[in-house]
Amino acid sequence: MYTGPRKRLVYNSVTDLWALKEAACPVSCACWRDLAFGEQSVWNPVGSRNNAPLPPPIIGRKLGQLEWEVRLLEIALFLFHFRIMRPDDANIAGNVHGGTILKMIEEAGAIISTRHCNSQAGEHCVAALARVERTDFLSPMCIGEVAHVCAEITYTSKRSVEVQVNVLSENILTGAKRVTNRATLWYVPLSLKNVDKVLEVPPIQYASKELEEEGKKRYDEQKLERLVTKERNGDIIFPVINPEPYTVGYSQSSLIHLVGPSDCTLHGFVHGGVTMKLMDEVAGIVAARHCKTNIVTASVDAINFHEKIKKGCVITISGRMTFTSNKSMEIEVFVDADPFVDEPKERYRAVSAFFTYVSLSKEGKPLPVPQLLVETEDEKRRFEDGKGRYLQTKAKRQVQMQPLTQQ
């Protein structure tokens, strides 16, 4: 993220700024960057210039009667982040790890949420990730391409913020761009003085009552799903001795990680992006063990962050295969934390999610996935549950594609 001086640009209408935003996200971030960043102006870290309070953000419509600065609009509503993909971001086939992209998505969401939650006078806070909705990986990203991450606040409740993020990949040799990811994240503001205190979120204004009602509906749905997920978090992955190929026990994997200062926020708790990157790494190992081919992340079902993970904890990230279709496989991943420093207590389940992977040939073409051999009643039950999620996702995708085919 660019951190240098900003350029003061005042427009006579927000219509012009909205057009800039549409041009920059998701098509390209370059024009916005060139306009928004330049000669020096006064900078206030809480999101206002010369300590003047920010006007409430207004989303969803074009306003011709207001004069807003590009920089203020960027701070209040939008954030753009970009960087080139390096060899250590990718697998042996040159495809960027899904976890790397998830980490960039979370960083952008954390920045814009923290900015917004500190945009009014009061107790300072840091936005903590509570949930990531289903995230689809629409196209693989490769080494040498530039990732453009665009984050936008779309809804606020009393104590949470919804952020929608788009990721584009740019080939800097040809200039070609394509959308690779879309994600929705939920954050809660935690006080810097008391990490257990959730502060109130400054409200945003909506162009219409319908937009606000749609956001409220999404909020209620994710809140209910989090409660349902937490109830089934008693599962534990046990090692299997001499497992047969293509069984659950054959591919299941675990990774143990000591949480250090570089993994943590100002509070001393793990960044959500760090956790997601480790989860994707374990899920990738499970998928590779099962297929023995090049594999890439296709999607991630909702990731629920049930408990905070503190610096000094030892976390165990465990993954197991739950379902396979002809060309995809679902992996369930858990994160369990063992606190050893300051407050020793029993191990607890911190995060859970389902990752979907596909198998690719050397030419990048989808390959058939070996079918999972289920043995126990629990494995059969999890397979049927996974099949249900797969069919539900497939049906939603077909509904979304219908308007496109009718054009």
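Every residue gets a Cβ built from N, Cα and C, even glycine.
TrEMBL does not curate its annotations; it predicts them automatically.
Annotated features, as they stand in TrEMBL:
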type: ACT_SITE; residues: N91; note: active site
type: ACT_SITE; residues: D280; note: active site
type: DOMAIN; residues: 75-193; note: domain 'HotDog ACOT-type'
type: DOMAIN; residues: 249-363; note: domain 'HotDog ACOT-type'
Secondary structure content, the domain 'HotDog ACOT-type' (249-363) (per DSSP, counts of residues): 26 helix, 54 strand, 35 coil
Residues of the domain 'HotDog ACOT-type' (75-193) by DSSP state, where helix covers H, G and I: 25 helix, 58 strand, 36 coil
Model confidence over the domain 'HotDog ACOT-type' (249-363), averaged pLDDT: 92
